[in-house]
Each structure stands twice: as C-alpha cells, then as structure tokens.
Amino acid sequence: MQEIEIFCDGSSLGNPGPGGYAAILRYKDKEKTISGGENFTTNNRMELRALNEALKILKRPCHITLYSDSQYVCQAINVWLVNWQKKNFAKVKNVDLWKEFVKVSKGHSIVAVWIKGHNGHAENERCNSLAKLEAQKRVKTTT
C-alpha cells in the first residue's frame with residue numbers, strides 16, 4: 001500500500017458561523033491541496049470535512065498518516081470511533097460526517113497524529129490560512 005500524508009485544518013468564524021476547510025495530500029514528492037467551506041458550520045465539522053474530502057481523492061487503499069491540530073478528530077480516529085460504531089453512533093455529534101468518514105476510509109489504514117496548532121508547522125499553517133480564507137469568503141456571501 002502507498003504511504004500517504006494528509007494535513008488538514010478547519011475554521012469557523014463564530015463557531016458556529018461561516019466555515020472553511022483545507023487539506024494537503026502528500027505522496028512522495030507530489031502534493032495536492034484542496035479547500036472549501038460552508039455558510040454555517042463549526043470548526044470540528046470543517047476539520048472532519050477536510051479529512052473526508054481528502055480521502056475521497058484516493059483511488060486505492062493507502063497507509064495514511066493524518067496530521068491535525070484537532071484533538072477531537074485525532075482522538076475519535078485513534079480511540080473513540082470503534083465504540084461509537086458499536087453503539088450505532090448514539091449521542092455522537094456530527095454523526096453524518098463520522099458515518100461518511102467510515103465509508104470513505106474503508107480499506108485505508110489511518111493513524112492520526114495531533115500537532116499543536118499555530119506553532120510553526122508549515123503544512124498546518126498553510127491549511128489554516130486556506131481554511132480561514134474559505135470561511136472569510138462565506139462571510140461576504142452571507143451578509
């Protein structure tokens with residue numbers, strides 16, 4: 001299986017409010033950047049949306065190392081998700097996106113690594129800037 005790195009970040013102005021997401025996918029020396037947003041959302045939803053959209057791009061099963069500054073996403077992937085599924089996602093927030101994650105992550109091996117946000121991590125900073133830009137675009141369209 002190919003070794004892929006995914007860096008992602010989500011932003012929400014107001015939380016909830018206009019939001020944006022961004023992800024960088026890296027395979028060897030190749031990179032692809034994606035971004036987007038929603039008019040009314042939360043930072044956690046945008047973080048997870050970034051990951052889901054990145055996973056949709058992959059065409060074959062991969063070993064993925066995910067780098068995120070979201071404890072929520074990292075803990076969910078590494079620890080909580082198995083129990084959430086056993087309990088059919090009872091009382092889980094953002095259940096639509098977690099169910100989508102289960103679908104789009106099928107066949108992949110994913111390890112989530114938490115990185116401290118706003119701490120000079122180059123890819124995280126790039127994703128953060130893009131996610132904020134996407135959120136700001138939506139402020140202009142919703143006012």
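Cβ from N, Cα, C; glycine included.
As given in Swiss-Prot:
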DOMAIN    1-136  domain 'RNase H type-1'
BINDING   ASP9, ASN128  Mg(2+) 2 binding site
BINDING   ASP9, GLU47, ASP69  Mg(2+) 1 binding site
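Listed in sequence order, the residues CYS8, GLY10, SER11, ASN43, MET46, ALA50, SER68, SER70, VAL73, GLY117, ASN124, CYS127, ASN128, ALA131 complete the 8 Å Cβ shell around the Mg(2+) 1 site centroid, once ASP9, GLU47, ASP69 themselves are left out. ASP9 (Mg(2+) 2 binding site) and ASP69 (Mg(2+) 1 binding site) have their C-alpha atoms 7 Å apart, to the nearest angstrom. For GLU47 (Mg(2+) 1 binding site) paired with ASN128 (Mg(2+) 2 binding site), the C-alpha to C-alpha distance reads 10 Å. Note: ASN128 (Mg(2+) 2 binding site) has non-local neighbours ASP9, SER11, ALA22, ASP69, GLY117, HIS118, i.e. same-chain residues 6+ apart with C-beta under 8 A of its own C-beta.
In the domain 'RNase H type-1' (1-136), the DSSP tally of helix, strand and coil residues is 56 helix, 47 strand, 33 coil. Annotation for the binding-site residues ASP9, GLU47, ASP69: lowest Cβ count within 10 Å of the residue's own Cβ, ASP69.
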